[in-house]
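Trainee: After the structure tokens below, expect a handful of questions from me.
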Amino acid sequence: MAMATRTLGFVLPTSLSSQPSFDRRGGGFRVSVIRCSTSPLTFPTSGVVEKPWTSYNARLVLEDGSIWPAKSFGAPGTRIAELVFNTSLTGYQEILTDPSYAGQFVLMTNPQIGNTGVNPDDEESGQCFLTGLVIRNLSISTSNWRCTKTLADYLTERDIMGVYDLDTRAITRRLREDGSLIGVLSTEQSKTDDELLQMSRSWDIVGIDLISDVSCKSPYEWVDKTNAEWDFNTNSRDGKSYKVIAYDFGIKQNILRRLSSYGCQITVVPSTFPAAEALKMNPDGILFSNGPGDPSAVPYAVETVKELLGKVPVYGICMGHQLLGQALGGKTFKMKFGHHGGNHPVRNNRTGQVEISAQNHNYAVDPASLPGGVEVTHVNLNDGSCAGLSFPEMNVMSLQYHPEASPGPHDSDNAFREFIELMKRSKQSS
């Protein structure tokens with residue numbers, strides 16, 4: 001009978017190639033249990049496991065006057081941002097690297113974060129854009145075959161603050177009842193609570209152009225370097241190629257990945273790229289991407305959208321949806337606490353079907369302000385807010401949520417096929 005081997009403790013592999021394998025000599029399995037961690041756990045004489053990260057006393061001070069003692073991980077210092085909560089159970093690395101979170105602290109309602117570490121494949125952009133991460137418990141151990149480092153090390157390297165050991169459930173209830181709040185995270189004991197409170201009350205995220213901080217600086221051709229295992233819904237394609245210009249207001253990699261998988265050749269352009277220059281490139285369609293902040297803070301983007309309407313088919317996602325709403329003559333407004341998570345039910349008004357969607361936005365389009373001919377195609381079933389638009393006369397479609405997910409369900413991936421069909425019909429009629 002074959003003997004199973006077991007590795008005890010925590011191994012620091014430079015390569016995570018070790019896998020459970022079949023032992024042909026003995027007819028059984030040889031099992032190795034691997035834990036990825038940048039530092040081994042130690043067991044002092046007290047029997048308490050020491051945390052493998054540097055921790056400081058920290059505070060979260062909110063503009064409503066509440067003070068939440070915490071422990072820190074990641075970078076030390078003092079930062080100010082808007083606090084929002086995210087209800088996703090998984091995908092914290094995608095959330096960390098989503099440019100739409102620029103200017104915000106993200107509180108995860110899932111009580112245990114960090115279990116799977118981080119890896120290069122799950123990033124949605126080249127850096128972390130959120131200001132800080134707020135969690136209940138930071139996992140002591142990290143276990144995943146793709147893991148290359150711990151969450152604490154990852155945040156430290158990117159100069160992002162993280163705090164844990166707070167009552168995140170109580171904070172979430174406060175945000176749900178009172179709305180999003182400006183807060184200050186600090187590890188600096190020399191600063192008084194009153195000083196931090198005054199900081200939180202002297203700053204506002206409304207009206208700030210955050211898109212210019214996250215957009216690319218020059219156009220580039222997007223080449224998908226992702227493992228083919230990411231792909232799905234391959235039977236939905238017609239084998240044709242479509243040239244798409246993607247306006248980068250804070251675009252996520254998986255939006256580009258999904259477009260590419262449907263046969264699109266993508267040129268990504270900055271948020272300030274002139275509409276006339278975009279049209280000179282003779283695209284089959286234009287995508288207006290997701291992005292952070294207030295759509296009213298970027299009138300230059302609204303003007304660009306207006307200039308492109310009716311010229312080629314356009315597709316807006318999240319911020320792109322809001323900019324389209326304004327360009328069509330509608331108004332946007334700031335929501336009480338926004339939608340952030342991977343479990344939001346949305347009804348497709350055309351089919352009656354309900355999709356579970358990934359969402360991340362603090363603003364919404366007021367459907368009552370839209371002109372005639374603009375159809376509200378999707379509605380959020382939690383609060384009845386507008387979740388999708390269509391204006392067939394100008395070949396316009398948009399979604400307030402994220403059909404590419406990452407993280408989140410894939411219920412809405414069909415929206416990319418609908419954009420392909422929109423471009424296809426436009427080419428056939430021209």
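Yeah, the Cβs are placed from backbone N, Cα and C, and that goes for glycine too.
Not measured: the values here are computed from a predicted model.
When I checked Swiss-Prot for this same protein, it listed these features:
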- CYS318: active site, nucleophile (ACT_SITE)
- HIS402: active site (ACT_SITE)
- GLU404: active site (ACT_SITE)
- 243-429: domain 'Glutamine amidotransferase type-1' (DOMAIN)
- 1-35: transit peptide (TRANSIT)
Trainee: Could you state the CA-to-CA distance between CYS318 (active site, nucleophile) and HIS402 (active site) to the nearest Å?
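Mentor: Taking the Cα atoms only, CYS318 (active site, nucleophile) lies 7 Å from HIS402 (active site).
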Trainee: Around CYS318 (active site, nucleophile), how many other CB atoms lie within 10 A of its CB?
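Mentor: There are 29 such Cβ atoms around CYS318 (active site, nucleophile).
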Trainee: Which secondary structure state does DSSP assign to CYS318 (active site, nucleophile), in the simple three-class scheme?
Mentor: coil
Trainee: Looking at Cβ-Cβ distances, which residues of the chain lie under 8 angstroms from GLU404 (active site) while being 6 or more apart from it?
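Mentor: Non-local contacts for GLU404 (active site): LYS252, ASN254, ILE255, ARG257, ARG258, ILE317, ASP413, PHE416.
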